Amino acid sequence: MFGFLKQVGDYTRDAVDAARNLAQGFSVTFDHMQRRPVTVQYPYEKLIPSERYRGRIHYEFDKCIACEVCVRVCPINLPVVDWVMNKATKKKELRNYSIDFGVCIFCGNCVEYCPTNCLSMTEEYELAAFDRHSLNYDNVALGRLPTSVTTDPSVVPLRELAYLPAGEMDPHGVASDRPRAGQLPAQVLETLTPPAKPTAKNDGQSSSEAKEGDA
């Protein structure tokens, strides 16, 4: 008899624990259901990188003096500097400069120690390619300035979509009753788009119709 009661008590305790754990899991799920979406719809939306973001390296051929400081400070000796000695001027003459971004760790040492500031970090991070050899950028490819996220016409930044009300930086700290909170990008654009103005053709038609009515 006591064994049966003990089994019933253990079963009841296990059932209560299971219900409590299930309720805790659902509470976390319901809490996230009340929050607005924060997923960036890449590539149509992009986050603006920080000012000190270490992206693809930009290289200025005219400033380089072929000192090879970037090669010495690189942890993996990555930059390849091709130069010849000009016997007339007794100075190095740069022929080619290349960096393989398939191997680069973007530590920024080359940019930090360059004496002529011919190297700089950009905000470009889209370096995916089907062929790893195409990631080996020469001085021509390194000299191209990337298109900024803020000026790319194919990208609408999150700030322009007005996901967050003015003055708000934390997406989870915004009340659900605030204007535009939790709306989709299409809905936000509808609220921001001004109404269409009547064209001159329509105005002419309306004026002619009014004259006919007066006649």
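Quick reminder: no glycine exception, Cβ is built from N, Cα and C everywhere.
Lifted from Swiss-Prot, the feature list:
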type	residues	note
BINDING	Cys64, Cys67, Cys70, Cys114	[4Fe-4S] cluster 1 binding site
BINDING	Cys74, Cys104, Cys107, Cys110	[4Fe-4S] cluster 2 binding site
COMPBIAS	169-180	compositional bias 'Basic and acidic residues'
DOMAIN	55-84	domain '4Fe-4S ferredoxin-type 1'
DOMAIN	95-124	domain '4Fe-4S ferredoxin-type 2'
REGION	169-215	region 'Disordered'
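Distance noted between the C-alpha atoms of Cys110 ([4Fe-4S] cluster 2 binding site) and Cys70 ([4Fe-4S] cluster 1 binding site) is 4 Å. Among the binding-site residues listed here, namely Cys64, Cys67, Cys114, Cys114 has its C-alpha nearest to that of Cys74 ([4Fe-4S] cluster 2 binding site). Annotated [4Fe-4S] cluster 2 site Cys74, Cys104, Cys107, Cys110; additional same-chain residues within 8 Å of its Cβ mean position, judged by their own Cβ, are Ile57, Cys70, Val73, Pro75, Ile76, Leu78, Pro79, Ile99, Ile105, Phe106, Gly108, Asn109. Reported as a whole number, the C-alpha separation between Cys70 ([4Fe-4S] cluster 1 binding site) and Cys104 ([4Fe-4S] cluster 2 binding site) equals 12 Å.
The average pLDDT computed for the domain '4Fe-4S ferredoxin-type 2' (95-124) is 92. Long-range Cβ neighbours of Cys67 ([4Fe-4S] cluster 1 binding site) (same chain, at least 6 residues apart, Cβ-Cβ under 8 Å): Lys92, Pro115. Same-chain residues lying 6 or more positions outside the domain '4Fe-4S ferredoxin-type 2' (95-124) and placing a CB less than 8 Å from one of its CB atoms are 49, 52-65, 67, 69-70, 73-76, 78-84, 132, 135-139, 142, 145-146, 148-149.
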